[in-house]
Amino acid sequence: LGNEVNVTLYSPPLPEFDYSMVVIFLIAVFTVALGGYWSGVAELENLKAIASPGERETRWKKEENVTFTPVTVILFVVICCVMLVLLYFFYKWLVYVIISVFCLASAMSLYNCLAALIGEIPFGQCRITCSNKTIEVRLIFLAIFCIAAAVVWAVFRNEDRWAWILQDILGVAFCLNFIKTLKMPNFKSCVILLGLLLLYDVFFVFITPFITKNGASIMVEVAAGPFGNSEKLPVVIRVPRLEHSPSTLCDLPFSLLGFGDIIVPGLLVAYCRRFDVQTRSSSIYYISCTIAYAVGMVLTFIVLALMKMGQPALLYLVPCTLITSSLVAWRRKEMKKFWKGSSYQVAWRP
């Protein structure tokens, strides 16, 4: 054989485009559109309650929304930065904390989403009384089902062949509930939140490789999981690559989209929908912002395919949605109202 033996391994390249991107696109746009619409429905019910004194107290008791102010927006971004850095340095311990929080939050979110649907069904409303409170039996079974779904995912979360489906269902429910629950009071708060998170996303994807010892992006490494760690963060939408290739024989590579890339623009879409309801503007803000989000997603995938490296999706989603919303408000001569928000909505009448 001689004194030297050369061994070469051949790895066929992955295809430029994979159909999993289409699935992620549909999931993301569907979640943002539905979350915005649900927020608008809640806003319409609130305005009807304000106009009807008899319903006001009952509606306020049911109201579970949290309103973001500029101060809480800045605090929220700071917390995100601290959590990401802590995850980078203490991943193997904190990943289990995130998994536990995700199971609890996703079970509650799935319950809220399905309960809203079940509430529209006029039959099967038998109740039981416990401690002077009446509870619908179907809601008890629904709560058991949601808890069971979260537990099943937690037990089989590393089963790549099918657990991603359950993770995506729980993730969509989490994002929907988040978009509906968190209210942006005005466009000013939206600009502050989306602008700061855009800088946060760009810094931790593009700038941190110049800081870390191994030259890795903190955001990408935390999202994909450090090398050698089998546990992955559940705060992403995961879809396996659908294009057949030799690499799928030994491994099942996934395309990922973080929850933040759905929730953050989704909060702006929800604000646009609520503004439509308040001003009776026939959904023009909501529809245009949703279309802008879809365009931003397509742009993200194009750049991802061309550069062949992880991209901060907010770099493309934030400008698309903010600029589109601003142009619609400017064209309709409503920029002042759109910027300041809902200080005038008390005058709404059915």
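Each residue, glycine too, has its Cβ placed from N, Cα and C.
According to TrEMBL, the protein has these features:
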- 19-38: transmembrane segment (TRANSMEM)
- 66-90: transmembrane segment (TRANSMEM)
- 96-118: transmembrane segment (TRANSMEM)
- 139-156: transmembrane segment (TRANSMEM)
- 162-179: transmembrane segment (TRANSMEM)
- 191-211: transmembrane segment (TRANSMEM)
- 252-272: transmembrane segment (TRANSMEM)
- 284-307: transmembrane segment (TRANSMEM)
- 313-330: transmembrane segment (TRANSMEM)
Discussion item. Any contact between the transmembrane segment (191-211) and the transmembrane segment (252-272)? By contact I mean 3+ C-beta pairs closer than 8 Å, pairs at least 6 apart along the chain.
Written reply: yes
Practice prompt. Mind pulling out the one from 66-90, 139-156, 162-179, 252-272 with the most Cβ pairs under 8 angstroms to the transmembrane segment (19-38)?
Written response: 252-272
Worksheet item: Taking 162-179, 252-272, 313-330 as candidates, which has the most Cβ pairs under 8 Å with the transmembrane segment (139-156)?
Response: 162-179
Practice prompt. May I ask for the residues of the chain that lie six or more residues beyond the transmembrane segment (313-330) and have a Cβ under 8 Å from a Cβ within it?
Written response: 187, 190-191, 194-195, 197-198, 201-202, 257-258, 260-261, 264-265, 268-269, 272, 284-285, 288-289, 291-293, 295-297, 299-300, 303, 337-339
Worksheet item: Same-chain Cβ contacts of the transmembrane segment (252-272) under 8 Å, 6 or more residues past its ends?
Response: 14, 18, 20-21, 24, 27-28, 31-33, 35-36, 39-40, 68, 160-161, 164, 171, 174-175, 178-180, 182-184, 186-187, 190, 193-194, 197, 201, 223-224, 235-241, 285-286, 288-290, 293, 296, 313-314, 317-318, 321-322, 325
